[in-house]
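Engineer: Next up is a structure, given as structure tokens.
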Amino acid sequence: MHAVQRQIAEQLKVQPPFADQNALQAEVARRVNFIKECLQNARLKTLVLGISGGVDSLTAGLLAQRAVKELRESTGDNAYRFIAVRLPYVVQADEHEAQASVDFIEPDERHTINIGSSVKALAAEVKAFDGLPATSVDFVLGNTKARMRMVAQYTVAGAYHGLVIGTDHAAEAVMGFFTKFGDGACDLAPLSGLVKNQVRAIARHFGAPESLVEKVPTADLEDLSPGKPDEASHGVTYAEIDAFLHGEPVREEAFRIICETYAKTQHKRELPYAP
């Protein structure tokens, strides 16, 4: 393992590869217990998570639903619940997969909040967009969509006195592949430290359909590049990112891209700068 790989892996608290099925099961139990402890320590009984249709929110949702189920069983308190929220922007192209994810999770409650009108209303008020290239406006509004989704989730959580779950994991964190104060904002991040193939392995452990587990990851935030795969944005594959984080050799170009991207996105992984 290169020293830089070791340093980054330590900073992101990357978990080692699952040695076997027992190790995977133990990690699932540890993360379910983590979620339960977060709720109990906060003296709250509701979890809220936006379900996009990707494997990250699918896996986080499965962990959350199991956590509240176990809390109900162990405490006898049926007030513990998990709310899955669909947050489409107008019409979502992969709505079928998103609904399939929600159906498989079987959350206690499911809500739908369309963020389209809110994002468009805000965009209409921003005079700074005047004269900007369409691609620049599209990129900025992509981040606005992510932040609006988090606003919606926190609004639901506030109404139900709950905590918001995030879906960030090590393979996204190392690339800074999240919107600051958007999908990067949450109360607890149960996938933290996992690489992408571990997130998929946990989804499979729950019996999730392979079509959802292996669905091509996409943030799908930009109207001018609908459904753009994450890997096209990264310039490297998730397999290469996972290998890098686990100290395995990767091609020279992938090593360079990951290290440079990690350095320039450091501000996204820190608290606001202060004097």
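Using the three backbone atoms N, Cα and C, a Cβ is placed for every residue, glycine included.
Copied straight from Swiss-Prot:
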type    : residues                                                 : note
BINDING : G50, I51, S52, G53, G54, V55, D56, S57, T167, K196, T218 : ATP binding site
BINDING : D56, E172                                                : Mg(2+) binding site
BINDING : R147, K180, D187, H267, K268                             : deamido-NAD(+) binding site
Engineer: Using only C-alpha positions, which one of R147, K180, D187, K268 is spatially nearest T167 (ATP binding site)? These are the binding-site residues in the record.
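Structural biologist: Considering only the listed binding-site residues, the nearest one is D187.
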Engineer: Between H267 (deamido-NAD(+) binding site) and T218 (ATP binding site), how far is it from one CA atom to the other, in Å?
Structural biologist: 23
Engineer: Measuring CA to CA, name the entry from the binding-site residues R147, E172, D187, K268 that ends up nearest G54 (ATP binding site).
Structural biologist: E172
Engineer: Let me know the largest Cα to Cα distance in Å among the ATP-binding residues G50, I51, S52, G53, G54, V55, D56, S57, T167, K196, T218, as an integer.
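Structural biologist: Between the outermost Cα atoms of G50, I51, S52, G53, G54, V55, D56, S57, T167, K196, T218, the distance is 19 Å.
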Engineer: List every residue in the same chain as D187 (deamido-NAD(+) binding site), at least 6 positions away in sequence, whose Cβ is under 8 Å from its Cβ.
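Structural biologist: Those within reach of D187 (deamido-NAD(+) binding site), by Cβ under 8 Å and sequence separation of 6 or more, are C38, A42, A157, L163, V164, I165, G166.
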Engineer: Give me the non-local Cβ neighbours of T218 (ATP binding site): same chain, 6+ apart in sequence, Cβ-Cβ under 8 Å, ordered along the sequence.
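Structural biologist: Those within reach of T218 (ATP binding site), by Cβ under 8 Å and sequence separation of 6 or more, are G54, G227, K228, P229, D230.
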Engineer: What same-chain residues, at least 6 away in sequence, bring their CB to under 8 Å of the CB of G50 (ATP binding site)?
Structural biologist: S57, A84, V85, R86, L87, R149, M150, A152, Q153
Engineer: Rounded to a whole angstrom, what is the largest C-alpha distance between any two of the residues R147, K180, D187, H267, K268 that the record assigns to deamido-NAD(+)?
Structural biologist: 19
Engineer: Among the binding-site residues R147, K180, H267, K268, which residue has the fewest other Cβ atoms within 10 Å of its own Cβ?
Structural biologist: H267
Engineer: For K180 (deamido-NAD(+) binding site) and E172 (Mg(2+) binding site), determine the Cα separation and express it in whole Å.
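Structural biologist: Cα to Cα, K180 (deamido-NAD(+) binding site) and E172 (Mg(2+) binding site) are separated by 13 Å.
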Engineer: What's the CA to CA span in angstrom from E172 (Mg(2+) binding site) over to K268 (deamido-NAD(+) binding site)?
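Structural biologist: E172 (Mg(2+) binding site) to K268 (deamido-NAD(+) binding site), Cα-Cα distance: 11 Å.
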Engineer: Where D56 (ATP binding site) and R147 (deamido-NAD(+) binding site) are concerned, what is their Cα separation in Å, rounded?
Structural biologist: 18
Engineer: When DSSP is mapped onto helix/strand/coil, what comes out for E172 (Mg(2+) binding site)?
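Structural biologist: Reduced to three states, the DSSP call for E172 (Mg(2+) binding site) is helix.
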Engineer: Sorry to bug you, but what's the C-alpha spacing from S52 (ATP binding site) to R147 (deamido-NAD(+) binding site), rounded to the closest Å?
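Structural biologist: Roughly 14 Å, rounded to the nearest whole number.
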